[in-house]
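Under the heading ITP binding site, Swiss-Prot lists 17-22, K57, 73-74, K90, 149-152, K172, 177-178, citing sequence analysis as support. Residues annotated as Mg(2+) binding site in Swiss-Prot, with sequence analysis given as evidence: E45.
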Amino acid sequence: MSGAAARALPKAVTFVTGNAKKLEEVRAILGSSIPFQSLKLDLPELQGEPEDISKEKARMAASQVNGPVLVEDTCLCFNALKGLPGPYIKWFLEKTGHEGLNNLLLAYEDKSAFAMCIFSLALGPGEEPMTFVGKTAGKIVPARGPADFGWDPVFQPDGFDQTYAEMPKSVKNQISHRGKALALVKEHFAAANYKVQNDGSA
């Protein structure tokens, strides 16, 4: 597709999030490579397979903003629990806290887990979303480090003796599930060569 003409987007991509820490990470990873704005939308909480959830949220968001959107879904999957909590990690964390996440694995020797991040890009209403998936393997440990960003204190990636929360941001962003998924998003944008139209009205 290298000879294909660049597709014009009506406006900059809207990254849908109300999470300041998540937005900070995405900005740090993407830099100026992709022009985007952020917006908090109240999208219904869905159930199902992670990629299906992410795609449906992208469809709904694209309809709401009437333009290109990028949505993110994050999973934390415990291998001993056959992938749970998975996409429902947010609610598990809210209800049980970091100690509760560890307690889920008390009866199991296997503390291994993987973090997964799915970005879905819909170029506009009615457009089929594209997905970009990043995974990082690790294990669940008692909480260490700052407790200001989700489950970062209890996830220690393989090959490191620090949890996500203990790592310098620059290191985490290179090896994290979010960093890997966003690297694929950046590759797609570079290859697709999208052009954002500027009609001067905003």
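FYI, residue positions are counted from 1 along the chain as it appears here.
Even glycines carry a Cβ here, placed using N, Cα and C.
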Sparsest-packed of the listed binding-site residues (K57, K90, H177) - C-beta count within 10 angstroms: K90
Helix, strand or coil at T17 (ITP binding site) [DSSP, three-state]: coil
Packing count at W151 (ITP binding site) (other Cβ atoms within 10 Å of its Cβ): 24
Integer Cα-Cα distance in angstrom, K57 (ITP binding site) to E45 (Mg(2+) binding site): 9
Rounded distance in angstrom between the Cα atoms of W151 (ITP binding site) and E45 (Mg(2+) binding site): 19
Packing count at A20 (ITP binding site) (other Cβ atoms within 10 Å of its Cβ): 11
Top Cα neighbour of E45 (Mg(2+) binding site) in the set of binding-site residues T17, A20, K90, H177: K90
